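One structure is given below, encoded as structure tokens.
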Protein chains: 4
Amino acid sequence: MNKVKKEDTVIFYDREKDKKYFINLALTPKFGTEHGIIEAENVIGLEYGSEVKTHKGYPYLVLPATLHDFIMYKLNRLTQIVYPKDAAYIALRLDVKPGDKIIESGIGSGAMTAVFAHIVGENGKVISYEKREEFIRNALSNLRKLGLDHRVTAKNRDIAEGFDETDADAVFLDVREPWLYIEHAYRALKKGRMLGILVPTVNQIIKTLEKLENMPFIDVEVLEILLRHYKTVPERLRPEDRMPAHTAFLIFARKV
Amino acid sequence: MNKVKKEDTVIFYDREKDKKYFINLALTPKFGTEHGIIEAENVIGLEYGSEVKTHKGYPYLVLPATLHDFIMYKLNRLTQIVYPKDAAYIALRLDVKPGDKIIESGIGSGAMTAVFAHIVGENGKVISYEKREEFIRNALSNLRKLGLDHRVTAKNRDIAEGFDETDADAVFLDVREPWLYIEHAYRALKKGRMLGILVPTVNQIIKTLEKLENMPFIDVEVLEILLRHYKTVPERLRPEDRMPAHTAFLIFARKV
Amino acid sequence: MNKVKKEDTVIFYDREKDKKYFINLALTPKFGTEHGIIEAENVIGLEYGSEVKTHKGYPYLVLPATLHDFIMYKLNRLTQIVYPKDAAYIALRLDVKPGDKIIESGIGSGAMTAVFAHIVGENGKVISYEKREEFIRNALSNLRKLGLDHRVTAKNRDIAEGFDETDADAVFLDVREPWLYIEHAYRALKKGRMLGILVPTVNQIIKTLEKLENMPFIDVEVLEILLRHYKTVPERLRPEDRMPAHTAFLIFARKV
Amino acid sequence: MNKVKKEDTVIFYDREKDKKYFINLALTPKFGTEHGIIEAENVIGLEYGSEVKTHKGYPYLVLPATLHDFIMYKLNRLTQIVYPKDAAYIALRLDVKPGDKIIESGIGSGAMTAVFAHIVGENGKVISYEKREEFIRNALSNLRKLGLDHRVTAKNRDIAEGFDETDADAVFLDVREPWLYIEHAYRALKKGRMLGILVPTVNQIIKTLEKLENMPFIDVEVLEILLRHYKTVPERLRPEDRMPAHTAFLIFARKV
């Protein structure tokens, strides 16, 4: 699977100017560069790493974009997203692996969904509950561009009604009032498996912990992840001047 | 695959005392609890979530341990390990997915290897170069307890001789002098794919950046990840008093 | 004032072994070193920087300890202290300067009191309200060893009764339920001057902010300060492995 | 000293609109508000906290600005400044107190100089070496607006020639190549007193530590201070989205 597919997000890299563009071929059949137009149809089917020329004959390298690139630069956002630093840790803490069945709510813009679908592979499944249909539509179109939509089943439903599944390998809640749905999440989970919850405020942590205390969960953890970049100048190495100070708090617990 | 296997690391959970033990059944055929002995052979084959009794008849719940649990509590360490907060982000930034072929050096105690093997699945491969044979032996025994060893090929070799592969989906270097091996890593990588490097000191960042500057890599990033835990007491919510301040710096770059 | 005084905390420095001891002369009239005894009375009156010999004739350098040294290594603690990283910032944000009149409650072990007294100088005053007499006794004895006790008036009183003063240049609250005393603090402050509050938990921040919202305060700020040390090895420069993750949250507001 | 002086920086506070302006009276003899003009001469001599009216009769409260306010909002900057979070800690670690004689280089825009002068008081002295005359002019004009300039002696000189003083209570270096001047700083310091150094990059830390290793300094420390703000909304308490990730690294050492 090293050939460019029509739904791929690719990088057009200008070696001379050391400049790159993240382009989704499905969205951009004709991409206008400063050196002329690149037609998506001339790119599809090429080996990654090969050269494509604009109509004026200027050469660009065609490189694969990673899931990280797509989430950060090309995901169509209708909501605040789960950032890669958080999404990667959530997936590991929830022990997500190929073949797993993962339940999440809500679908947001599909960033977390994409990371789950990326890891569960062809034999796995992500079931995403979301009450707002436009979010589902947007998230699925994001997932389609990643070739991951067929691994996701979106259910346009309020989780106040509960989840249909009772054998989830993990459940992830990214909703405003997670404490209201923890009993549903408990029922959906296999015994011994992990619940993950994402909340932006400390007030939500407090309410969530109060609920978890009274339920058969163990290994309850609350944490946050900070990512700090450095300027990549070896003779003057130093952290970047500014950084994201907060995206969300993460809460984990194990069903017993 | 929800039955306990003989090589599994499981949790014995004492509901009454709300106490848990992480036990590797292969390592501990007889586990002595305060309420008597649990025989591994009585556990193997049970459904996860079921009850097992000690020879005195005291009941414990048998729960699955996650990869995170194993790395943090049961991995046999001969070296400093790659911590889950870093390992999860590395795997995402290197775009590791089911079916991928990943190259790493060295194998260390197998923590990063395990995370890669966990994600690449049955159709993927992790090729790990390590010159110290005792590290390979220890890492493979750790991987065996996770049922992941068959996804890993360890090569007992100094990477000064280079890598055999030229089609790696990602390369990860966790060695003292990574700058010496970046050209080898470049050759091993598919075009457009990511190189990841882990170093503990800023001096190593500087030398690595100096090398990367003179090679066809783009998207060079240097960063660190901080994980901060909170005490899980809702009526007195506050961060833990102390935290790990540093594990390692992460460097990423894309081959062009 | 460069001569050693009998109440001073000094450093005995062993040049040969590059070893140092923080000693309070009032507390330790005879200090036993591995090379014999140093008599406090042989030290008092010396110029700082001069040499003192043990009864066996082994030489030590006599150096002044800083307020920071005393707080960190010699303060007698009956309570959690305000750490220098926080105390220094609090003093600056409250605009404490020579000649100021500062009100605080409680006195704790006297660390914050010492920093205030250190800065207000001979013409300034720190008035410290504390209901537990043993805390006052201990804090004043700490301040005495710093030669700062005469700048401090301790009032053994519950601030539920309010403060006597109405012309404070700054008020600092380090009590369990600061929201109960903010009106008293308001009355004690000069118009336009700053209130500082220290709390360890987010629940206390929430209650304090709810109170401040309904009072004539502006410039309300909530923040925390993190201090990260580096290992001082130039050829392997890196952050320390662990750090304090949390001491307290700081809240500031200006009376209008 | 609670009357408004002609060189003061004051706050005009509009109670109705809960809006404030930081105004330096010396710089702004006539300040135009949305409700008319305030004449500085009508403000000078008033008690802080009193009301002043615009020419249209709209009332503003006159409040004192703190040193922190001035540095953050009114300091005229020709250079990167030392931020209050760092300046406050530096002053405490250098044990700066009323009556001290402090040496610094360079003067920058006068932020650190102001904090030193603020604390040393009327009987103290800050001696600031700076080779660029325009920096001295600008810094002194900043200090004048704080009423602190008479506590500062600026020497328009390259410190390659060394310092005139040999009895400094503390020395602070904020220059590009501090390692070149550490011997001068050593000579200028009293025995046992502290040297402070500020550098933005890790390369500078490395060179500075290499120099300090070969000199009679003890208690060498390298650290950085991070300040994290929270949104002051009690019902949705959370850290700010972004924060300064780096201002400078601080290095401290004690002369023996």
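Including glycine, each Cβ sits where the backbone N, Cα and C put it.
The S-adenosyl-L-methionine binding site annotation in TrEMBL covers B:Glu130, B:Asp158, B:Asp174.
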Cβ-based neighbourhood (8 Å from the centroid) of the S-adenosyl-L-methionine site, residues B:Glu130, B:Asp158, B:Asp174 excluded: B:Ser105, B:Gly106, B:Ile107, B:Ser128, B:Tyr129, B:Lys131, B:Arg132, B:Phe135, B:Ile159, B:Val175
Fewest other C-beta atoms within 10 angstroms, as judged across B:Glu130, B:Asp158, B:Asp174, which are the binding-site residues: B:Asp158
Taking residues B:Glu130, B:Asp158, B:Asp174, which bind S-adenosyl-L-methionine in the record, the widest Cα spacing (Å, whole number): 13
Short-range binding-site residues relative to chain D, from B:Glu130, B:Asp158, B:Asp174, with Cβ separation under 8 Å: none
